[in-house]
């Protein structure tokens with residue numbers, strides 16, 4: 001944990017141990033949990049993170065954001081006055097064959113048996129909690145890596161992705177940053193010779209024809225209509241990524257362009273799929289670029 005920050009873990013629901021999030025705040029002299037955020041500049045943002053892991057990897061947690069937080073704090077190109085604090089969200093996971101669980105001896109709250117829309121429902125629930133407890137409004141930047149980028153850009157899809165009306169109190173972020181994102185499933189699996197069937201079906205079910213109905217790039221409606229506040233959208237990818245290929249970012253960018261939504265595309269990240277968040281520096285760089293674009297808007 002960054003030692004200069006106050007850390008608090010919250011439970012935003014009680015059904016599963018993974019329904020939790022972490023909040024890192026700058027020190028303040030108030031006992032109010034959200035005191036610093038309520039007093040800071042109205043131009044500052046809550047920098048928020050959704051981890052990846054193919055909707056199923058229990059090794060991926062909200063703690064994955066720690067390295068990025070440290071790099072953000074060290075960055076000379078990110079003014080402290082523009083950052084209110086940091087948030088990282090866990091969500092229920094689907095089963096993983098390398099980490100099996102026996103339901104006969106595993107507590108229900110510890111089972112990893114989620115299927116869509118459970119992961120997305122938890123994301124909405126976490127954001128609703130943050131609205132109630134921290135009054136984040138739309139003053140947050142939502143960074144998603146891999147499946148976390150899927151979840152982030154499923155939010156504007158509303159009920160099309162969720163299958164129900166989303167919480168009314170949740171506002172869309174001022175900026176989305178999708179990193180090494182998965183935005184389409186059927187063709188991704190085909191390009192990888194069906195080797196992704198297991199993890200996609202584990203999260204979205206066996207009916208392959210239904211997969212693309214609930215993910216961002218094939219969204220049947222318009223992102224322009226879904227995002228009337230015109231948030232910044234930045235999509236980033238590494239040419240060295242061995243898990244998510246270039247057509248994913250291209251397909252998402254093309255969908256946004258078709259819908260009349262501006263987006264910034266960055267294709268010069270370095271190293272493989274997980275390294276782009278593990279070292280923290282590249283996430284910090286993307287945040288710096290997003291903040292610079294927001295200053296100009």
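Note: Cβ is positioned from N, Cα and C throughout, glycine not excepted.
Features as listed in TrEMBL:
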- 146: active site, nucleophile (ACT_SITE)
- 241: active site (ACT_SITE)
- 273: active site (ACT_SITE)
- 49-276: domain 'Alpha/beta hydrolase fold-3' (DOMAIN)
- 51-55: motif 'HGGXW' (MOTIF)
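Locations of recorded TrEMBL features on the structure.
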residue : record                   : Cβ within 10 Å
146     : active site, nucleophile : 28
241     : active site              : 21
273     : active site              : 20
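Cα to Cα, the residue listed as 'active site, nucleophile' and residue 241 (active site) are separated by 11 Å. Rounded to a whole number, the C-alpha distance linking residue 273 (active site) with residue 241 (active site) is 5 angstrom. For the domain 'Alpha/beta hydrolase fold-3' (49-276), the predicted model reports an average pLDDT of 98.
Residue counts for the motif 'HGGXW' (51-55) under DSSP (helix as H, G, I; strand as E, B; rest coil) come to 0 helix, 0 strand, 5 coil.
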